[in-house]
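K.L.:
Reproduced below are the annotations present in TrEMBL:
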DOMAIN    13-66  domain 'HTH cro/C1-type'
REPEAT    116-149  repeat 'TPR'
REPEAT    280-313  repeat 'TPR'
REPEAT    320-353  repeat 'TPR'
REPEAT    360-393  repeat 'TPR'
Amino acid sequence: MTHLNMIKLGELLRKKRKELGLRMEDLADEQISPSTISNIERGMPNVNDEKVNYFANKLGLCLEKLPELMIEEKEKEEKIKTRLIYIENIIDLMGADKGLEQLKTISIHSSHPLAAVIYFLKGKCYFQKKNWQKAQNYFFESIRLVERTAELKQTNIKAGSLNEIARILYFINDLDQALKYVDEGLEVFVEGGERCYYKHVLLVCKVIYLEKLNRTEEALRWLDAMWSQIHEIENIEVILTMYEMRAIILQKLKLLEESVSYAQKGIELARINKMYERSFELWTTLGSTYIKLGDLDEAENCFLTALNLKEKMRKEYLYISVYTQLGLVYLEQNKWCQAQSVLEEALQIGQRTNNALRFNEALIALGDCFLKQGLINEALVPYSRALEQSQQHGFHNQEHEVLIKLGQCWEKKDPEQFRKCVERLYHVEVLLLKGGEQV
């Protein structure tokens, strides 16, 4: 009997024992020990056929009928598998609550081959509900179950779970760990296995995290590698993210006209495919490039176009950047009241959604708003908070920027505070030179 058949047989025998309400200890005797029963139920290949037959007889089963029973179990498993495909569609298209309701209707033992899929789907549900800890627990349990059974590796459930854990870490502002889990996901991904789309999801997430960590050249190398395979990618979300990331990276490299071109192509694709959130982000990216080009009217049009999509949006944290960028446009136009209003809106959303990086950008912009008006005391409040956030999350690039602006505030107001700013700025400069830059 093959190892896979031993596993199936073990599952069948365990199920029968559970149906009879018996513990392993209840069935153990001088002929068979609890550990041997456990090995049989786990499908271990080192158990001889006599022991398997003896255990089956104790459960009232005849080994001659087991092939027939195993066929029945296989048919049941296929039905469960089909149902799980249906449930995953419900989760992704109709929401977590409906998905959880359906998952409650499936009752299988944790040793069942499909248990890993159920834990994975529960993780997806709680991810949607932003219950990060619960989602993470389910993903880790799914990984544990996959690692226990070699035949499950080709499902790519482990790679998928690692990607979702990385996304959780990204949302709780732990970019280094997010990158670590994405790399692990790429290492365990099985080419030619199930859920093959996860390869490109993992790759584009790697690009995002590298860019956020300010490892721009590395991000571009990975993005270029993906671009050579773009015609193989079926996931339009991944393709649109690739366009957005290329526009962002080109903007960082000061290749502004090219950045505009890629953002516009992405916007067209998003419109054709009715991808509202990707469209929102691409309009925001395009607007920020127009700011750098000095075309404030076009920039404002881009941000207002993005905001027209608000009613179609689910990810509230995306609003932070567009309000921040719009505030910067109004700053350049000396529209102080309008700038302050939209920047305060960005900060309120940032506090609700716990997106530290975007929240920090809004804090710095509000400080700029006050500083440009000569309101030093008012500017110190958001700048000081931005400095605290930067140090807390290791955002060294932002810390560098804030220290310069705080120095401008303190220079004539408080020489001692100014000295502290300069001293800390020196240490940050050294850190950045050593490659400690994060964002």
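Glycine is treated like the rest: Cβ placed from N, Cα and C.
Computed from a predicted structure; not experimentally measured.
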K.L.:
What residues in the same chain, six or more past the boundaries of the repeat 'TPR' (116-149), come closer than 8 Å to it by Cβ-Cβ distance?
P.N.:
7, 81, 84, 87-88, 91-92, 95-97, 99-100, 103, 106, 108, 110, 155, 157-158, 160-162, 164-165, 167-168, 171-172
K.L.:
Please count the residues of the repeat 'TPR' (360-393) that DSSP assigns to helix (H, G, I), strand (E, B) and coil.
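P.N.:
Final tally across the stretch: 31 helix, 0 strand, 3 coil.
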K.L.:
So what's near the repeat 'TPR' (360-393) in sequence-distant terms, Cβ-Cβ under 8 Å and 6+ beyond its ends?
P.N.:
173, 320-321, 323-324, 327-328, 331, 336, 339-340, 343-344, 346-347, 350, 399, 401-403, 405-406, 408-409, 413, 438
K.L.:
Tell me, roughly as an integer, the mean pLDDT over the repeat 'TPR' (280-313).
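P.N.:
Computed over the repeat 'TPR' (280-313), the mean pLDDT is 95 on the 0 to 100 scale.
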